[in-house]
Amino acid sequence: VVCGAAGGIGQPLSLLLKQSEHITHLALYDVVNAPGVAADLSHINTRSTVTGHGKEAMDEALQGAHTVVIPAGVPRKPGMTRDDLFKINAGIIRDLSEGIARNCPGAFVLVISNPVNSTVPIVAEVLKQHGAFDPRRVFGISTLDVVRSSRFVYELDNSIDPKSTRVTVIGGHSGVTIVPVLSQIPKQKFTKDQLDLLTHRIQYGGDEVVKAKDGAGSATLSMAYAGARFTSAVLEATVAGKAGLVESTYVNLHADEEGTAAFRSKTHLEYFAQDVEFGREGVSKIRPLPELSAYEQTLLDAAIPELKVNIAKGTAFITDASKI
């Protein structure tokens, strides 16, 4: 199911997912235009059936879903902060999470809607209230940070293949919480100035697109590409049983209690983006932090307090709505 399938991310994301051999039924849900988008995509010559579900048909769309991808919500406009986004998108994510708890409590839930650092905890808290939360099955898609990293690194050093070079990105999915681990790229020799430039560009790449679109939207096509890449990895592991697949993703650290115990006790974080190995049940293993350079450790130290604020905000939206 794609929730928000008629939007700027939802349409190209649905187009890419229509090409997946692991999807038998692609259900498109949105408050407007979902049946039209579905009719259009249904003519594409792949095996999956496509159905469209309008405003009143959320339960119908979600019924028995295996995987739910959520790009729903409003995009960021010039001058809009991620806090402004939160006020609008938090309610949308809450309502969709209620629908998931009712109709497909065991589904894999992949969250694109910003601010991801806060919306993933919202999904988790709603599912907890319904006894349906499995930390191995809820993901914040931070893949766009990885995709941008590979591309921007290539622009500085053409000897690095942007397609095959996957940069680990840790932390979260906004601004200073995004920590690209560029020191782990083989044979890279970036100067301090280049590192400053690259890191800032990766952290604030979304602003480039918002500005270039001049009020007409945010990163939709690159986000759809990144979202489809991540969804495909989850399907490869959970449907096809392929082992050894790894992507950076923002998850609840209890998905790997043992592997993250030391990190949790040190940082007191419940959610974090890190390299995750996938299995049939979603998260199979959260990999330990890669070795960080002194530069990257400084970035991580700046990210942690910000992450805590973001996480607390998302959690409180559900557990203590009176304070919002």
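A Cβ is built for glycine as well, from the same backbone N, Cα and C atoms used for every other residue.
As recorded in TrEMBL, the features of this protein are as follows:
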| type | residues | note |
| --- | --- | --- |
| DOMAIN | 2-140 | domain 'Lactate/malate dehydrogenase N-terminal' |
| BINDING | GLY4, ALA5, ALA6, GLY7, GLY8, ILE9, GLY10, ASP30, ASN89, ILE112, SER113, ASN114, MET223 | NAD(+) binding site |
| BINDING | ARG76, ARG82, ASN114, ARG148 | substrate binding site |
| DOMAIN | 143-317 | domain 'Lactate/malate dehydrogenase C-terminal' |
| ACT_SITE | HIS173 | active site, proton acceptor |
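Everything TrEMBL records as a feature, shown here on the structure.
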residue	record	Cβ contacts under 8 Å, 6 or more apart
GLY4	NAD(+) binding site	GLY10, TYR29, ASP30, ILE70, PRO71, ALA72, GLY73, SER113
ALA6	NAD(+) binding site	LEU28, ASP30, VAL32, ASN33, ALA34, GLY36, VAL37
GLY8	NAD(+) binding site	PRO75, GLY217, SER218, THR220
ASN89	NAD(+) binding site	ALA72, GLY73, VAL74, SER113, ASN114, PRO115, THR119
ARG148	substrate binding site	ARG201, ILE202, GLY205, SER222
HIS173	active site, proton acceptor	ASN114, PRO115, VAL116, ASN117, GLY140, ILE141, SER142, ASP145, TYR250, ALA273
MET223	NAD(+) binding site	ILE9, LEU13, PRO71, ILE112, LEU144
Inset, instruction - Give the residue from the binding-site residues SER113, ASN114 that has the most other Cβ atoms within 10 Å of its Cβ, counting over every protein chain displayed. - result: SER113
Inset, instruction - In whole Å, could you give the widest CA to CA gap in the NAD(+) site formed by GLY4, ALA5, ALA6, GLY7, GLY8, ILE9, GLY10, ASP30, ASN89, ILE112, SER113, ASN114, MET223? - result: 18
Legend entry - Neighbouring C-beta atoms (10 Å sphere around the C-beta of GLY10 (NAD(+) binding site)): 27
Inset, instruction - May I have the DSSP-based helix, strand and coil counts for the residues of the domain 'Lactate/malate dehydrogenase N-terminal' (2-140)? - result: 63 helix, 23 strand, 53 coil
